[in-house]
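S.K.: Checked TrEMBL, it gives:
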type	residues	note
BINDING	His73, Gly114, His115, Ser116, Gly146, Ser147, Asn174, Tyr285, Glu366	thiamine diphosphate binding site
BINDING	Asp145, Asn174	Mg(2+) binding site
DOMAIN	315-479	domain 'Transketolase-like pyrimidine-binding'
Amino acid sequence: MNILDRINKPNDIKDIDREDLPELADEIREFLVSHVSETGGHLAPNLGCVELTMALHRVLDFPEDKLIWDVGHQSYVHKILTGRKNEMGTLRQFGGMSGFPKTSESPCDAFNTGHSSTSISAALGMACARSIKGTNEKIAAVIGDGSFTGGMVYEAMNNMADIKTGCLVVLNDNNMSIDRNVGGMSTYLSKIRVGQQYNDFKGNVEKILMKIPVAGEHLARGLKKSKDSIKQIFVPGMFFEELGVTYIGPIDGHDIDVMEATFRKALKLNRPILVHVKTVKGKGYTHAERHPSYFHGIDPFDIQTGKVMKDRKVMTNTGVFARKLVELGKADPRITAITAAMGKGTGVAAFAAEFPDRAFDVGIAEEHAVTFAAGLATSGLVPVVAIYSSFLQRAYDQILHDVCLQKLHVIFAIDRSGLVGADGDTHQGIFDTAFLSHIPNMTIIAPKNRYELTRAMEWAVAYDGPVALKYSRGEAYYGLKEYNVDIEYGRSEMIHRGQKLAIVAVGNMVQEAEKVYDRLLADGTNVTFVNARFLKPIDTDMIDELSKDHKHIVVIEEEIKHGGYGSLVEEYVMDRHLDVDVTVCAIEDTFVQHGSVEELRRMLKLDADSLYDRIKHIISTDCTE
Ligand SMILES: Cc1ncc(C[n+]2csc(CCOP(=O)(O)OP(=O)(O)O)c2C)c(N)n1
Ligand SMILES: CC(=O)[C@@H](O)[C@H](O)COP(=O)(O)O
Ligand SMILES: [Mg+2]
């Protein structure tokens, strides 16, 4: 019988003999590789967290104690140890287990995560709540070295020093973000991690020297003067100690005994503690150890070869964007590119390879990325900030206050706009029109296909102001290329002029709407078909014109309805008292779970069949005479 067979509910790991823990770790790794090779998912981060999670589960009592996972992509082992191993086959699938912690899934998931750098803030909040309530649960957060580049971490650490209560922060340092980690904090952690020669005493160098009778003061004065010698006395964790956070480490993040003993001690102390553990991303599966970035988030793959099953390589919107960005960069030295730790995911890595001096990876720091871009723009450069739609949400004020208020020439390349699928509700890019369209000086373009994306990029470089280009995850649409792609400010594209009912589709939904248009044409219904193209400003001339001889406008967008493009059209029609009805096919007031985009569209009635039925109904009831 496998030891893993004895892990069926939370805390079961406590009943496993210490000498059996290495075997259990091996079984968990094998279980992870076997399941994730079928479902896809974040394999390398989870392989690196096996012993770390086991050690935490031996010292914490679930569900009373709280364990928060930063980003949460590395929480599969936590889920296995809290009675969900049998759901691993449904990982990230429609109706199945999420790839991130979900309080709705288990009381052992203390906090929903998905976006980086939130765990310490949440843990601190829980620790203070514990003091107020007078309870005594243990509270711990696990955060990676990549997530440690996020600004919220420093806000929380700053606050932590004032909050005298127990809170364990485990810094899981595998020397990797998705790609190579970047920035000063990463360098600092590397120095500690590689065990650079330093005195192993804790606390402030000077304080300790001052304790030495007679010579101490002289030494301390001497040290103060000779900067170099202070640099040579590299005391690990001084950064944290100076902030009032006790630092312990670095310790081996694959040695369960050492971690268990350290965590037990740390959790007894009634003050903020940071335990720095060193792990290997992808540990235990050779392909993932060798290629931790490739196996950070992987599609279903062949275990033997480590190759993904996907048969054909497709040209994605990201690929189209990256190729065009390099082309534009060659033609225009003002163009710079910025990514927030997503170089490969956004395609900025391709630009960086060509123009290393004009590309910037700022770490997981979207707020900083935007205002950094604003700084570049004030100096006459043209920064392209490439950030996934859902990650851009945290930079709202930087977009408004630092870019749009000054009407700076910053181009936002918003990838993963619309449904992303398996990453679920924290990652669906369905709010960007809503959070951008009301900002003065902002222009929003939603290209319908790969050709329009490249033209829109050219247009954005030529236009002197803030522009947001939004495009979806996955394959670039090749269709409708026969239509001219002549981008004119604020103008939509009339693909076909019919009568009575007009379909106005947005961005990636033009492809879905085209299927509906074709079916309607096939059954003799000659509707008008418009590609919205500009979401802000909306094409009011087009709406005025349609309202003269159409009964109904149907807007189709993969966006939250409130504040989306459709609501802007409705607002305009009402303001002008135009004699045309408007129906907006969009996402009602809800978050959208994980699943395939096709399944999610069916659930949201944004698939071609549902849209066709809805439009046929409108035609039969509202467009009769
Ligand atoms: C706000 C935000 N930006 C970007 C991401 C994308 N992302 C997910 S995991 C990750 C790297 C995390 O690195 P680390 O914390 O070291 O965890 P590891 O995968 O190395 O265990 C990034 C950039 C995100 N989830 N949230
Ligand atoms: C965990 C996380 O936030 C990233 O790894 C994200 O899952 C990447 O998304 P893509 O797969 O769309 O690049
Ligand atoms: Mg890491």
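Even glycines carry a Cβ here, placed using N, Cα and C.
Annotations in TrEMBL come from automatic prediction, not curation.
Each of these features: where is it, how hidden is it, and who are its neighbours?
M.R.: Within 10 Å of the C-beta of His115 (thiamine diphosphate binding site) there are 22 other C-beta atoms, taking all protein chains into account.
The Cβ of Asp145 (Mg(2+) binding site) has Leu171, Asn172, Asp173, Asn174, Asn175, Met176, Ser177, Asn181, Met185, Ser186, Leu189 as same-chain neighbours under 8 Å, each 6 or more residues away in sequence.
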S.K.: Can you tell me the three-state DSSP label for Asn174 (thiamine diphosphate binding site)?
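M.R.: SS state of Asn174 (thiamine diphosphate binding site) = coil.
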S.K.: For the binding-site residues His73, Asp145, Gly146, Asn174, Glu366, which residues place their CB under 6 A from an atom of ligand 2?
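M.R.: List returned for ligand 2: His73.
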S.K.: Since the record lists Gly146, Asn174 as binding-site residues, which of them has the fewest other Cβ atoms within 10 Å of its Cβ?
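M.R.: Least crowded of the binding-site residues Gly146, Asn174, by Cβ count within 10 Å, is Asn174.
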S.K.: With the Cβ under 6 Å from ligand 3 as the test, give me the qualifying entries from the binding-site residues His73, His115, Asp145, Gly146, Asn174, Glu366.
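M.R.: The qualifying binding-site residues are Asp145, Gly146, Asn174.
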S.K.: Other Cβ atoms within 10 Å is the metric here; tell me which of the binding-site residues His73, Glu366 scores highest.
M.R.: Glu366
